[in-house]
């Protein structure tokens, strides 16, 4: 058997020899093999010795924890019968022998061995076998030691402690936070503590108690590097209180030796006791800083600071100040006597007595009192080594009283009473506030007076020796009287230095303002302009208190790295050109209840700056959602060393690659697929690509764009390599990086890279400090700031009305309260493009129809309508509509028709609920926008609207670039159903008269002369594109072939499609007939998708609109409508027509009177808006793809919409600057030359903008405005009220006794109103009659505009006198 290890043997008792231990170890720790077990007793014994854990495959001998006393182990026999104890828990590092017992795998039943005294938590005796369980304690936790150690490697009763961190109990209730520090190290440690290395960055209280007996440390000496932050902080609302209690006497009880200066010790640090260490002098403590034993109390805007440094009780020893106390921002006072050998006895070198000032502020009145009872606190001679530069400790006593607009300051320096010693001023007093002159300031109205008096003889008691000239020395400042009356300012200076100083004054240089001085500004007036900033000295502390408005600081107040700047701004209108940059080492306490102090032009680069606190929180939460992160396909792997975005927690992100289409199959190449490009020089620079499936099917050589391409020479590329990377931006406040899209950063506003960007997180903190107000007020950044048009006003008001009705119906259908039904918020509808364009007809198509006078071009107006919804503070574009309007000035067949060109949407509409009819609210809103547009066109006199239900292919975009992945692309059937549902609603609202399709309207008609010239011609329409291709095919055929094909046609087709009735046709007629025949075959399968919507009836034969007069129609034939002229010229018998197809069956005709529409012509006097971005659908899509304005995620949709609005506002500013005029709103004087307004129909020069018209209800009662606003000085439409007003004046003078005999319009109706008013029984009962109320409303309008003093209208003169008295 091998002997035990050496390290184990060294730890054994000396009287136990090696042979005995070997025999003992053999009996206890060696087990027989399983194959050698012969008896049941041996098997049971072997089973009990096996390890319980399955992971421990290797069995090793368990070394016992032998305890003292060892005198019982006197022989091997006693060992064999000994009873041993195994520890289960140990809190301290143990000797090597005990470590072996800790890691043991097996244990053996032995006789009892007496255990040594200790702190074992659990013991087992006899046959109880226990495996030791040790807890792993972190270095930051407390370490306890008990007992004695005889190990040579460790000193007895000494613990090396590196940090006592965070033994603090923190309680937070609401906005109130309390911290309590309780370091009862006596109870926890109980031993000597040796601090080996300085506790750097130990932010909590660290305290040590006990005595040290370790050899590495001196006896009863503790090396302390920092006693920081034993402070109890209580915060209640806006009131914060700090109390510092350093009872080091009770906690330490030993001598404290401060080895190095306590740098950056921001809280109170105090030392007590005596030092017996060899490195420090007897009973001398080296103190480098006694800082901030200050109790601060803040109530509302009132802040009070009290300084109490009772060093006598806390120190009780001599204080030796080795070096000057730099960066000591609070009151620093020293007491006692010095017995150090390097310094004189009972002399303290003082470099600064700063700011023992009590400040009290009540409302706009601020009072400061300085009390330096140095006699009681110091009691020793004060030696001022260097001049006190802006020494706040010797600052004069200032009493400030502010009553109304009168401001008074009084200063008194009783240095004799406070110091009690002679003051030796070595160098001249440069702005020494301790000897600052007494200033009395009086402000009465706009007059300000300042009086200064330097009674230095009385205050200092010594002669004043001025070595150098006084450069703006506030202590010797001249007496200045300033008077400000209106715009005239007068200053008077009087230098009575003989009286004040007692010596001659030699002024060598002008008094320049010393940057080291401290300026105390208390301004209660307006328009105070400080040309240069108040620069803060490194040693001084700047306290700025601005209680006024209109203070314009040209340059910022720069904060020194060492000083603390306390800024208390309770006003607004403070405009600082550059921000106040605070050093990292300094603490800036900012209390701002007003607008941000940053320059607005330098902060207008992020849209988040206009958000409220709630909007910023919602925006940040939306970026943290996992769906936002996973939606990005092109996200790169985030490396370990790569910095992630602070807002979305993602690294480098990629935009979706630009869409590429295969030249052979015209399909879009997937974003992550491969494609091939030709390597030939002829096609290398062009964008020609082939998808992988087409490349695999191609031959070795194949033609492409007129060039033969070698398949093996083509280059393989990845579409994912074409993706762009999202750009980053760094916050100027926290210096963290975010994606420009996450931070809603607008780089177009920071092209010169001089603007300051603040991230949403920092803006949230700033927003919380200014009472939930937007930091920057953008006046031209939202969708509502876009100019309104007549169409947008009509659609928006109609949409809001319909949403209210839907909400009421949903609440009624579901049985809920109307407040429980969510409504969409933040909807804004604007027309962003409206311009006149011309559609050019294909030359071959125009030459084919030249005999029918088919025009070569069609003028129309193109419009783009966008719907925005504010989501998390951002106006997101959720719906887009492109339309073309062909007005009454256009030729047939496009006259008075509109074409729904394209529409598109993204699925970000809120809320996501269903209506009472069971459809999505999002669908309801989009339907109402379309129905509203059709109604607007109907009122303007349009007769027909054409819709082509053609959905985009999967992966293809119509208007908005890159839709969300969760949004499904509808097929043709779903899209057609969507349009049919919308048209059914329009028919129920009597907006649409009839809905048919293109085939039934033009190809299956019962009337004659249905040729290609009757078909409307639109850009990009289904039938127009097909017709152009068919004409090219017809032109390739010869005339003989055309004649043969005409003979194959039926006689009915030839007669229906030809103008001639003789039966002879020429070549052009043949081409026309063949074209209509081919178009009919193409249109018939898709006729349900080609919808024709009739807004107003038009004549089937002449295609003219039937807007007034009689309209003849057939009840059996849906598409037959005749005007009066066509009916009179017809060959049928009066009152009937012949149905041609069914053997000339005769149908009866009916007639109806048509009421005229509001507009006789479709002339559009709305605002003209032009920009290159929305010139066409393809232009906007290409613009979005170029700048990566996509909508596939919410974060991208926010940023893209923000940038689109920026481009719109920029183009509108340029447009308004060119078209602005003197046309303004009469009420608010707003320029309405480039927007819409409401003109009064009675007052020729009175006009109201949309804001005044909407908000001012009285204005609408006193003036007569049209139903729709006007624009571009267009003449307004008359209304019914104007006709009634004219009829009232006529009816009172009318001589006809009967109403039927008078031909004046509305005369008999007005007379009936007056008769009813006299005989009304409802009004006589005291209740309100609606008919009488409407009459008196009309009379009130008449009174407001009537200029006749003898007006015969009833009550006109009485009401006019009342109106004059009010004015």
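Note that Cβ sites are derived from N, Cα and C of the backbone, with glycine treated the same way.
Acetyl-CoA binding, as stated in Swiss-Prot, involves 903, 904, 905, 922, 923; the candidate among 948, 978 given for that site is 978.
Listed ranges 68-109, 110-151, 530-571; the one Swiss-Prot annotates as region 'Disordered' is 110-151. Within 8 A of the CB centroid of the Zn(2+) 1 site residues 1099, 1102, 1123, 1126, the other residues of that chain are 1098, 1100, 1101, 1103, 1104, 1106, 1122, 1124, 1125, 1127. Comparing the binding-site residues 1099, 1123 by how many other C-beta atoms lie within 10 angstroms of each C-beta, the top residue is 1123.
Taking all protein chains in view, 16 other C-beta atoms sit within 10 angstroms of the C-beta of residue 1126 (Zn(2+) 1 binding site). On the 0 to 100 pLDDT scale, the model's mean across the zinc finger (688-765) is 88. In terms of DSSP secondary structure, the zinc finger (688-765) contains 23 helix, 22 strand, 33 coil. There are 14 other Cβ atoms within 10 Å of the Cβ belonging to residue 1102 (Zn(2+) 1 binding site).
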